[in-house]
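According to Swiss-Prot, the features are:
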| type | residues | note |
| --- | --- | --- |
| BINDING | G8, R11, R91, R143, R146 | CTP binding site |
| BINDING | G8, R11, R91, R143, R146 | ATP binding site |
| BINDING | D21, D23 | Mg(2+) binding site |
| DOMAIN | 232-333 | domain 'HD' |
Amino acid sequence: MQVYAVGGAIRDELLGKPSQDRDYVVVGATPAQMEAAGYKPVGKDFPVFLHPRTKEEYALARTERKTAMGYKGFAFYCEPDVTLEDDLVRRDLTINAMARAVDADGNLTGPVIDPHGGQRDLAARLFRHVSDAFAEDPVRILRVARFAARFHEFGVAAETMRLMREMVAAGEVDALVPERVWQELARGLMEAKPSRMFEVLRECGALARLLPELERLWGVPQRADYHPEIDTGVHVMMVIDQAAAMGAPLTVRFAALVHDLGKGTTPADVLPRHIGHESRSAQLLEDVCVRLRVPNECRDLALVVAREHGNIHRSQEFSAAAVMRLLERCDALRKPARFAEALQACEADLRGRKGFESSAYPQAARLLAALEAAAAVDAGAIARACGDDVGQIRDRVQAARVAAVAARIGG
């Protein structure tokens, strides 16, 4: 049998980028031969094995045939007569359909095997599908969009974009399971320029099917004095790119993505104002989170940011009592780390505006100082001092916290 490293590891080597892991394909072997060599079977849908020493995954070369809609609708053939070329032709993009042989020590040997012009497309900075079999797996639309967020200087070949549009029109993306959609969106949000993912999804029509709440933001105007970029969709893309530039975690990036969904439902006769968009945003994102089965930690932070980002922006003008009420609505005393992430999302929101990219955000330091002061109040001591008058405990703790906040930040 012969082992090859395939896909991303070869692509990244040619780009001079580090590769986090390698994918291996084994040609000319049976499952029994792999187990006899010490490999442990782990694949459910097709034969995948763990290397006895490195624990890396090795898959038998395979072909696949479409049997139903969606990304699970495939039958696989994994016999020893499947060649490397047979395996590579089923892959999504030419830049991911290259291979190099691997020796017994795991070292890459020999030339790059590139039957589909992957090196040509790397040089041209293009995402191009290998064959029309691309259309059989709708997840590939999401993967192309995610790759665009990682390799943001790349474009999508015209024929590939045309095929993606045909897939969307045929309803292929409608068959995707929510968990897989979320997985790909989350991975794309964590790339260097997540806005590119959504640009590609918009261009092929998939965003309107997967996230219509986000799609409808494009073309919705905002007040030019607050948003020189005007267009709400453009603003949100600037915000998620700012969150990425700040190195923010997924929770913050998702909150940045969905914080203004309510602006897409603002009545036309009140534009470009968006009165009450915060509560509408919260309702819409709850629907999104249910539909895509978004993790609770992402949903919870996004709800805080959607509801309170306007107040957080204005908090420099707040009295100590108003700041304390804001902290309570955000549950900041019980969840200070989440509150810090909310402030990071709000900072990205401010900077995600034309001309504001390098602006300071003093609101964050002031509110964190207020939170620190409020948290230092000994609520237990106050409760004990109240004795049997338990009805006074809440009011006295609140008064002590407001006084502590006022002493720290004024007001």
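Placement of Cβ uses the backbone N, Cα and C atoms for every residue, glycine included.
The structure displayed is predicted, hence computed values, not measured ones.
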Original post:
Rounded to an integer, what is the Cα-Cα distance in Å between R91 (CTP binding site) and D23 (Mg(2+) binding site)?
Top reply: 12
Original post:
With the CTP site defined by G8, R11, R91, R143, R146, which remaining residues of that chain have Cβ atoms positioned within 8 Å of the Cβ centroid?
Top reply: G7, D92, L93, I95, N96, F147
Original post:
Of all the binding-site residues given, D21, D23, which has the fewest Cβ neighbours within 10 Å once its own Cβ is left out?
Top reply: D21
Original post:
Which of the listed binding-site residues (R11, R91, R143, R146) has the least company, meaning the fewest other Cβ atoms within 10 Å of its Cβ?
Top reply: R143
Original post:
For the domain 'HD' (232-333), what are the DSSP-based totals of helix, strand and coil residues?
Top reply: 79 helix, 0 strand, 23 coil
Original post:
Cα within 10 Å of D23 (Mg(2+) binding site): which of the binding-site residues G8, R11, R143, R146 qualify?
Top reply: G8
**OP:** Rounded to whole angstrom, what's the largest C-alpha distance between any two of G8, R11, R91, R143, R146, listed as binding CTP?
**Re:** 16
**OP:** Across the whole of the domain 'HD' (232-333), what does the mean pLDDT come to? Round it, please.
**Re:** 96
Subject >> Chain-internal residues, separated by at least six, CB under 8 A from G8 (CTP binding site) >> reply: S19, D21, R22, D23, N96
Original post:
Per DSSP, to which secondary structure element type does R91 (CTP binding site) belong, with helix, strand and coil as the options?
Top reply: coil
